[in-house]
Amino acid sequence: MGEGTPGVDSARVQEEGGRDQSLGFVEGRIQVGRIVTAGQLSLCSEEQSPQPGITRPSPGVVVDGESSGLAEPRVEATPQPPSSIQKRKRDESLDSEDDLAELFEPDPQPVWSVEMLCGLRMRLKRRRVSTVRPEHHKVFTKLLEDPVVKKFLTWDKMLRVSDKYLLSMVIAYFSRAGLFSWQYRPIHFFLALYLANDMEEDNQAPKQDIFYFLYGKSYAQRPMFHKLRFQFIRSMGWKIWVSREECEEIQAYNPDLWVWARDRTNLT
């Protein structure tokens, strides 16, 4: 490992973790609840608004030639202009359009490819459909420019915990966590990287370097880190295994990204 003073420049990451322990795992559902509530209110206002041309009988109206009392003038309800209702609908939908589009994207459909042809018989093989979308690559690339993340990757010169396959798994985990793009922070990068080392590395000692970089020799913040890691795994539905094929597909999306050069086989 390289030399440096770990735990100093990571104060912002610790402060973010202490300020919001949920780290967006619940914020997405709360936001959706607000959006649905606003939609229900607008729907109720339409149902309760009177329709044009509908009148209700009032006391004193003559029915079958008999009068039930003093007649009162009929007043027709004046409905709201349709243009104002449509405008209010458009205004309410503008704030939630992007989030809903990202949340309710249809699941990828299975893809079949021909594996073998033998005479008139054909054998099909089901191809795996990746759940990684362009916004997940964009979030990952943006986090690579964070000063703490950039310093960590420079610090791990021997690629003990951050080679190209482990970093590919970070993107895969981002695609499964179910968070909105704007909710990802540097702490999510370290949570995903720690989990990737948990899954792939036989030697579990190097992943302790992540703690050493973030918190130094202090053990006070480690229980909180593990709590956030558990929340992160649960948000993925416990789907934490990533195949080598998926890692290579993730790297092929943007092969010129500089982190894909972090190959242990090239170390001398």
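Every residue gets a Cβ built from N, Cα and C, even glycine.
Over in Swiss-Prot, the protein carries these features:
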- 43-52: compositional bias 'Polar residues' (COMPBIAS)
- 1-26: region 'Disordered' (REGION)
- 43-97: region 'Disordered' (REGION)
- 134-265: region 'Speedy/Ringo box' (REGION)
PLDDT averaged over the residues of the region 'Speedy/Ringo box' (134-265):
93
Tally of helix, strand and coil residues over the region 'Speedy/Ringo box' (134-265) according to DSSP?
90 helix, 0 strand, 42 coil
